[in-house]
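What TrEMBL annotates here:
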BINDING   A:D28, A:D73, A:D209  Mg(2+) 3 binding site
BINDING   A:D28, A:T43, A:D73  Mg(2+) 4 binding site
BINDING   A:T44, A:D45, A:D120  Mg(2+) 1 binding site
BINDING   A:D45, A:D73  Mg(2+) 2 binding site
BINDING   A:H52, A:D260, A:F316  substrate binding site
BINDING   A:G119, A:D120, A:R144, A:S211  ATP binding site
BINDING   A:D212  Mg(2+) 5 binding site
DOMAIN    A:26-136  domain 'PurM-like N-terminal'
DOMAIN    A:148-297  domain 'PurM-like C-terminal'
Protein chains: 2
Amino acid sequence: MKEFELINRFFTGRGITRRDVDLGIGDDCALVTIPEGCQLAVTTDTLVEGVHFFSDISPKALGHRILAVNLSDLAAMGAEPAWISIGLTLPNVDETWLEQFTEGMHDIAEYYNVQLIGGDTTQGPLTITVCAKGIVPKGKALTRSGAKVGDWLYVTGDLGDAALAIEARKQGWELSDEDRSYVQKKFDYPAPQVAAGQVLRGLANSAIDISDGLLADLNHILTHSGVGATIHADKVPVSNALKNLPDEEVRLMLAMAYGDDYQLLFTVPDSNRVAVEKRLAEYGVTPTCIGQINANAGDVSLLYKDKPWPFPATGFEHFS
Amino acid sequence: MKEFELINRFFTGRGITRRDVDLGIGDDCALVTIPEGCQLAVTTDTLVEGVHFFSDISPKALGHRILAVNLSDLAAMGAEPAWISIGLTLPNVDETWLEQFTEGMHDIAEYYNVQLIGGDTTQGPLTITVCAKGIVPKGKALTRSGAKVGDWLYVTGDLGDAALAIEARKQGWELSDEDRSYVQKKFDYPAPQVAAGQVLRGLANSAIDISDGLLADLNHILTHSGVGATIHADKVPVSNALKNLPDEEVRLMLAMAYGDDYQLLFTVPDSNRVAVEKRLAEYGVTPTCIGQINANAGDVSLLYKDKPWPFPATGFEHFS
C-alpha cells in the first residue's frame, strides 16, 4: 500500500486555500469554521465504474464529474459550496491517470471556490465517493418540500443533451460531428447551477437538481410538497443538437425521462416571476417556464401544445 | 437500480435524532447547525473488501467498524462526533446482510450520539466510505503537530490484539478459545476513544489514533512536531491474550508495528500528568506512559528494560 501514500502528492498543496479552513489535509481531521448565522449543508455522491460512467471516460472528465454531481446538490439547496472530502478507490497507481483526474477535480473546485480538505485513497475497484459541504444562511435553504399550489415550474436550461450523448453511443445513432462533440461535452463537463441556486433563495418556494430526469425529480418535489403539476412537454427547453434527432418521441424521452442534466427544477410564486427571471439573467441564466403546480397531489398532467399527451410508455423500449 | 432505492428503508427513520439536525435524510442535502464558538472537524475513511477486511466478516462487525475507524479520527482531534454520511457500494441487495450491517452501524452511532444525515447507495464491488463530522471548541482541537520536548508519551490502552486476531488466522497459530474469542472481538468491534479525546483537550499537547501501528503513528507526531522520542518497548501495554504468545519478538511486532488498535497515542507536559491520569480514570481509561519526547527530530530510540533495543527487522518475516 506504500505507493498509495505517494498519491497524496496529487491532492496535497494543490487547488485553492480558503480562509475558513483552519486545518487542511494532513491530520486526523480537517477543521473548518462556519460563519455565524449559517447552517452547514452536506451531500454525498458515489460514482462507480461501469455503473455511472464508461470505463474509457476521460480521467479529467471524471474528476470534474464527481465534484459537479455533488456541487449540483448544494446548488439545489441554495448553498454556497465550500469544502469537499474524497474517498478514492483505485485498482492501481497510474500517474498519468491521476494527474488528469486531479486536474479535472482541481479545475472545477477552483472555479467554484471549493477546497479539498481530506480523504482516503485505497486500492480496489474504481469507486469514488465525495462528501461536499456548503454553507447557507440559517432557514434560507431551498428544499423539495416547499412547492405551493399556483407556483410556476421552471428549469434553468436545456435538458436531454447528456442522455443523447449516452444513447447515441449505445444505439449507434448518427450525429453530426458538431452535435456529437456538443453533447459529449455536456455529458463530460456538467455545469452545476451554483449561482442560480443561491439567487433563488428567498424567491423560489422549492428546488431540486435534475439528476434522475425531469419527471422523476419533479415527482420528488410533488411527493415532498403534497401537490401535483401540469407540464407542457413542448416547452421543455432542448438544444439544437437534440432538435436534430428526427423522432420527436425519442427527443421528449431523452429530455424528460433520462437524467444527468444537472439543471435546477424549481417552483416560483407568481409574485416572484419577474424578479427570478431578472436576477437569473444577471448570471447569464435564462430560465424556462414549463408548467405549474396544482392541488392534485402526486399527479402529473402532461400536455403537448395544450392538449393532454399520454407519455409514450413504449418510448422506453428504445433503451432496453 | 430500483431495488437499490428500497434499501433506503434500512437507513431512513432509524437511529438517533439530534436536535442540531435541521434537515436529515431525504433532500438534496442535509442541514445541520454548528454551535457558536465551535469548529467543524471532518474525516473520511474507506473500507474495501479484501483490502481492509476478509470477505467473511460479520456484516454487523463491518457496520460497526466503518463508523469506529472514522469516530477514532474525531477522537484523536478531541472532537465530539455528531453526524455521518455514507457512500455504500454493494454487489447486490441482500436483505439479511443489510439488516445486520445497519444494525452494527446504528448501534455504535447511537452509543456515541451520532446521526446518519445522508449518503448514496450504488451497485458495485463492496466498498464503504464514511465521512464523519464532529464539533470542537474553536482552537481547542488536538493535533499531530503540538508535541513538545519533555512531553510524556502515553497510550490509552492495550495494543496488538487486532493484529493477533488477523495473524493467528493467517499464520494458523494455536490460540486458546478464550484468547481467540477475546482478540476477535477486539478486532471486530474496535472502541474509538471518544471520551478520552475530549478529556485530553487542554491537557495533552498532541494526539493521534493508532490505526497504522504505534511506531508508524508516532512517526506522524514526530514529523509534524519536529521532535524525536524514546520508547520503552517493555512498557507498551498488551492484553493477557497477547502475553500468551510464546515469541516475544512477535509479541512486540504485533503491539508496535501493526495497527487497527484505535487507541490514542498522545503527549502530555509534565505539569499535566496527574490531571490526565485522574481525568481519564473518571472515564474508566487507564493511560500507560511508554516514553518521552526529545529534541532528536524524527528519531526514535527504542529501549527494552532501559537498554537500547534494535527493532527486529527480521520480525517482519513472520508476516511475509
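Cβ coordinates are placed from backbone N, Cα and C, and glycine is handled just like the others.
Curation plays no part in TrEMBL annotations; they are all automatic predictions.
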All-chain count of other Cβ atoms within 10 Å of A:D120 (Mg(2+) 1 binding site): 23
Averaged pLDDT, computed only over the residues in the domain 'PurM-like C-terminal' (A:148-297): 96
CB contacts for A:T44 (Mg(2+) 1 binding site) [other CB atoms within 10 A, all chains]: 26
Cα distance (Å, whole number) from A:D120 (Mg(2+) 1 binding site) to A:H52 (substrate binding site): 21
Three-class DSSP secondary structure - A:D120 (Mg(2+) 1 binding site): strand
Other CB atoms within 10 A, centred on A:D209 (Mg(2+) 3 binding site): 27
Neighbour count (Cβ, 10 Å) for A:S211 (ATP binding site): 19
Binding-site residues in contact range of chain B, given that the Cβ distance is under 8 Å, out of A:S211, A:D212, A:D260: none
Cβ-Cβ neighbours of A:D45 (Mg(2+) 1 binding site) (radius 10 Å): 25
A:T44 (Mg(2+) 1 binding site): nearby binding-site residues from A:D73, A:R144, A:D260, Cα cut-off 10 Å: A:D73
Spatial neighbours of A:D212 (Mg(2+) 5 binding site), counting only the binding-site residues A:D28, A:T43, A:D73, A:D120, A:R144 and Cα distances within 10 Å: none
Rounded inter-Cα distance in Å - A:R144 (ATP binding site), A:D209 (Mg(2+) 3 binding site): 10
Entries of A:G119, A:D120, A:D260 which, being binding-site residues, have CA atoms within 10 angstroms of A:D73 (Mg(2+) 3 binding site): none
